[in-house]
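Asker: Let me give you the structure first, and then I'll get to my questions.
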């Protein structure tokens, strides 16, 4: 009996396997039925657009829309931008099959292509707000395609060129700016050293003045003083800005900047200079990062960038700013452009990831809710909405924050220097952290397709990873923000005057009160949201000041007390950033007339505010929210995901990114992977 049962079981398995292999539809008892092949349905067929996406794009991109579209077209048409057809569409794709050396040469070919088409006209020679905004718009377009290209242009125009513009004087402008704009020379920026990155004041390169010859002499005194990560230095740059300690008659006058030639017109390295590779990186291999050593390099006295301090022919050190700390601050104040462009580029990168992942989730299906029912769109799963839609709301919010930051930058003045420094530091940190988190979530949300380099998301992760540390380590920047807020706090208390500036005016009013039982109406109120953010910032600033004071009362120095209070400092830096971003969102929303567009912005603003409340443990840690109210916030975020779901396609279509600049899976991912797309 047992033997017959074993034989019968084997026979049944054989029949089932046979039916599976031959796909026989004639056996009505078979549980294995043939399935029709999946087909791609564009989300535009099934999704509605309930607001004007062109109007939304105008609000987001904010300036120079026609210029942006022109440059997108220029890039799309250029053969040097690696256009490939996928699924019947043209995409400009990463150069993932090229060696490091090939990527670097391609970067230079792309610069030449854009230069010949007038893209860089006026980037240094034209002045005024309109010229600066156009330059920023063009750089944002370029960052959408190739971050290596954007970094090389940023080094040449914003760092090298910007240093000459803002740290130099007329003699430097007349000699260097036009040649920089026309690429008669190629500039780089030698600040970072092997032993010093964020701590610029501690750099070890030393420059002395030779009274006999009227020259400065630059030296790398030790290996830790070698200039490191200098973009453009390894292969292409002909000149550099050298940041160095200036020693006059045995007295160190602090960090100053000098112009030095490192290669001749034929690309040969100049005497008394050694240059080496930094090597292969996890991203940005189209940037030729190099290391530089100076061995008694002599440069003319006039090559000192002297807007803040100078050395006379007879060797006298001259500066109207006598205090070394104030002089150092004035010296570095103009160098905020790097943080501005890094912050805005991070938001655009997150948009590329989100537009690709969300469009994919609007056509890709997985699993059925019933045995023979249709598979469900990824974005119809509440869990998938939770992964992507809060990040989309944050990207919208940070776009408004970035626009605010750009306007501070292009309208900068001595009076706005502090605001520009604090806001650019805060936003650079928050935006770049958000970008890396967003790209990781988008990569995961696309499954295996997210792993393909041509679908861009993984590639962007490698390209943008360094943003968390260059132009200032994010954790250090958060502490700098808090230190600036503490200075404002101390000044207001000492003078017994109200707070003014940096958005701290809310400190002058009564302490906001959070309702004991939050309703949906409360949670979606912009007034409640701002009150909650101001309450957190206000309390953290008070706590931070008290903790620093407590450490000082126990004998710690002010600086060490600040270091010991790092946790509150970082919490406060985030609180300041979130509140400032929310304010820019509220301001942008206020300029929109009543209607569907304003309604969607209200949903996004509420999503941004509430996801910040949910994610920051400070709201529970310090009792700003009760556990019941925290649960209400979490529930409301889920409701907002459901309400934003019908607008998902319209929201990513409003981001102003042409189809060719997204990953192929954002569109017909079946055709993009079909046999006909394979090269034979």
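Every residue gets a Cβ built from N, Cα and C, even glycine.
Sharing the record's features from TrEMBL:
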REGION    1-28  region 'Disordered'
COMPBIAS  16-28  compositional bias 'Polar residues'
DOMAIN    188-296  domain 'Acyl-CoA oxidase/dehydrogenase middle'
DOMAIN    335-486  domain 'Acyl-CoA oxidase C-alpha1'
ACT_SITE  471  active site, proton acceptor
DOMAIN    529-663  domain 'Acyl-CoA oxidase C-terminal'
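Can you tell me where each of these features sits in the structure?
Answerer: Each residue in the domain 'Acyl-CoA oxidase/dehydrogenase middle' (188-296) gets a DSSP state, and the totals come to 6 helix, 51 strand, 52 coil.
Within 10 Å of the C-beta of residue 471 (active site, proton acceptor) we count 26 further C-beta atoms, all protein chains included.
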Asker: Could you put numbers on the helix, strand and coil content of the domain 'Acyl-CoA oxidase C-terminal' (529-663), residue by residue per DSSP?
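Answerer: Helix, strand, coil within the domain 'Acyl-CoA oxidase C-terminal' (529-663): 111 helix, 0 strand, 24 coil.
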